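Participant: To start, I am sharing the structure in question, which I have written as structure tokens.
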Amino acid sequence: MDVDHYNVLGLPSGEEGANLTQKEITKAYREKARDLHPDKRKDDPNAHENFIKLKSSYEILVDEKARKLFDDLLRVKREQQRRFAQQDSKRRKMMSDLEDRERASFAPDPAMKAKEEEERIARKLKEEIARIRAMQANKGASMGTGSGQEKVGREGNSGVGGHVGVDKERVLKVSWEKIGEGYTAEKLRELFSRFGEVEDIVVNSSKKKGSALVVMATKHAVDAATGSVSGNLDNPLLVVPLKPSVAEFPAAKKEEQSDRLSNLVGAGYQ
């Protein structure tokens, strides 16, 4: 684990960092987040990536179990560095000879034991980080479900969003890449409401891409939103009608002329 999450937040590491309170960590994160927010660093191509790293380090340090494992990992590394710093060249040679004899007699190797402990703690920390990210993803997915407007699923034969007989010319198909926080039903409703009333939103999420069906109240709203909604610059939306409208053309004049000719008689008909 090469990242020192305390340093990412601009906090002291080591024993001093382990004694910091969650209030101090949260205060440091907020100050750093204001400084590194992508909206303030539009000319920095790495602004979004740096902001994600900052948020990830903060989530680890405010989680009690993950922070304890990270502090243990730092402690093991400090002890190992301290041990080597205290040994001069002669002592290192003596320790090396002793370790060789111990290995020859199948005795436990202190350095190997410390390495195994470091790997074990790093493995546990990685599992905790995965748990935190999964918890955050589930929290983000459930934010829009309280109002009853967001429905997560796939389009079926029974209609869009569970409504049988929905006019498909009033439905927009929206897709985006899974970058950052993505788009929730509430976020999509906010974007498309500027062009008319939104009746329903069906969100379908996969590992690499996100997509949704947006049901507008009128066909005019569909035409207005198509090509106008782009979403965030760092994660644009692709918006197309589910069923493009078919323009109605007036009846051919040939039939009208045929009707007139059918009323003619005699020489005029010829």
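Placement of Cβ uses the backbone N, Cα and C atoms for every residue, glycine included.
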Participant: Which one of 1-21, 43-63, 190-210 shows up in TrEMBL as region 'Disordered'?
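Facilitator: Checked against TrEMBL: region 'Disordered' maps to 1-21.
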Participant: Across the compositional bias 'Basic and acidic residues' (94-104), what are the DSSP residue counts per state (helix, strand, coil)?
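Facilitator: Looking at the compositional bias 'Basic and acidic residues' (94-104) with DSSP, the answer is 11 helix, 0 strand, 0 coil.
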Participant: On the 0 to 100 scale, where does the mean pLDDT of the domain 'J' (4-74) fall?
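Facilitator: Averaging the confidence scores along the domain 'J' (4-74) gives 91.
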